[in-house]
Amino acid sequence: MTHWIAGDWVSGEGEMIQSLSPYNSEVVWKGESATEAQVESAVNAARNAFIEWKKLPFENRQAIVERFAELVKDNADSIAEVIAKETGKPFWETKTEAGAMVGKIAISIRAYHERTPYKEREAAGNKIVLRHRPLGVMAVFGPYNFPGHLPNGHIVPALLAGNTVVLKPSEQTPWTSEVIMKLWQKAGLPKGVINLVQGARSTGEALANAKGIDGLLFTGSANTGHILHRQFAGDTGKMLALEMGGNNPMVISKAFGDLDATVYTIVQSAFISAGQRCTCARRLYVPEGEKGDALLARLVDVTKNIHVDQPFSETTPFMGSQISIAAAEFILNAQKKLQALGGELLLEARSLGHAFVSPGIIDATNVAELPDEEYFGPLLQVIRYTTLAQAVELANDTRYGLSAGLVSTDDSEWDYFVEHIRAGIVNRNRQLTGASGDAPFGGPGASGNLKPSAYYAADYCAYPMASMEGDACEIPEQLSPGLTL
């Protein structure tokens, strides 16, 4: 039983899919995907459940969500273990994901009250009222890199606002979503309020094409996001929120301060989660000269000693595997392409078996036309620069705009950087992957269109209803011109 539809666990009727553990290629989950008809059933179940769910007082919806939060706390280690087995991320890291799920629930409850409150005031003898109403049935597309945390950041705000949900997780992490859906079931969620459909592209297309959805919250690749954007073009009746990737720049000033602290910040920016975070640094801008040379030498020395291993290794790894062997091969092929364009290897990314890839660093300064691509893995491109203005200009030369960062102890450099850089998340002397759950997450350009995550997700899960109210109809002292009564 791999799908949760209308409160029942059912088997799929489509093609067989399976989840392979990327660090040993063992099958950890398998089942049949949902057919178009089953997706339609899930959407219909959500539509039917919406009628009563939206009427339920907020306090009742909150109570169910908070029971779910307690279940996540109680099962945090088992959730983390499943995520580690499916993604290959170190166990210590997946434990933080389970904790983040709970933290985002508290943020979402606060956001509901602060972003979508009930307000009323008097104006010119009228009562002006602002209410918020749920959109209806929300489709949620989850990514593989944070298969618990990121869908949770859409599902919880949607439910709190009174929407119902159909979740389609990544086909590479179906097990995680199944485990989490069973916790929602234990929390006492009414039948049909959340529905889970598993599958690959055809299942996703069926859900995105379903007439019964009112909105779609997507986290994933730019390519898939752009397909959805074109598909929804002209359909003003549905809300589409896209969180996609980035070709994120990190600029290191000559005034970078402590050498090892800077190197640590770069490593955390580029190689955390084996480079599989959408905010990871992809391009590193380093000043020409001796200070830049020393920085790169130290960075290479530290990076080549990064411990890469299985999630549960006795010697705790910093990095795990890529999500799949195909993803690992993509990084190695990207390295070859950059070399062919004139890139010089400072540290070669190597295959370590199964889906493991060691971190790589390539000097792309002499690449005449650097591809504007997101290499979703542990491959860092270095570009040398002469002035901060040049570095910022190069950093902005991308169709993306998710995250960017400056390492500098000079306040005037930061003032210049934050004024001229184009990105939605901009950090100073902190890793690019650092983001607050109660701040907007996203950026302009090909990185997405809205910021439907964490605190600001409330904005996209309800629409404002403005009312001008009176106890009874009135006749004004002076009628409008041309009227007689």
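Backbone N, Cα and C atoms are what each Cβ position is placed from, and that goes for glycine too.
Secondary structure from DSSP puts E243 (active site) in a beta strand. Sequence annotations record features per position, and here Swiss-Prot assigns active site to E243 (among others) based on sequence analysis.
Around the Cβ of C278 (active site), 29 further Cβ atoms fall within 10 Å across all displayed protein chains. Among the features that Swiss-Prot reports, active site is placed at C278 (among others), with the record citing sequence analysis.
The number of other Cβ atoms within 10 Å of the Cβ belonging to A222 (NAD(+) binding site), over all protein chains shown, comes to 23. Per Swiss-Prot, the feature NAD(+) binding site maps to G220, S221, A222, N223, T224, G225; the stated evidence is sequence analysis.
Those same-chain residues not listed among G220, S221, A222, N223, T224, G225 yet with C-beta within 8 angstroms of the centroid of the NAD(+) site C-beta atoms are F218, H226, I227, M244, G245. Cβ packing within 10 Å was compared across the binding-site residues S221, N223, T224, and the lowest neighbour count falls to N223. Here the CA atom of E243 (active site) lies 8 Å from the CA atom of G225 (NAD(+) binding site). For G225 (NAD(+) binding site), the count of additional Cβ atoms within 10 Å of its Cβ stands at 23 [all protein chains shown]. Mapped onto three states, the DSSP output places G220 (NAD(+) binding site) in coil. Rounded to a whole value, the Cα-Cα separation of C278 (active site) and G220 (NAD(+) binding site) is 9 Å. The number of other Cβ atoms within 10 Å of the Cβ belonging to E243 (active site), over all protein chains shown, comes to 26.
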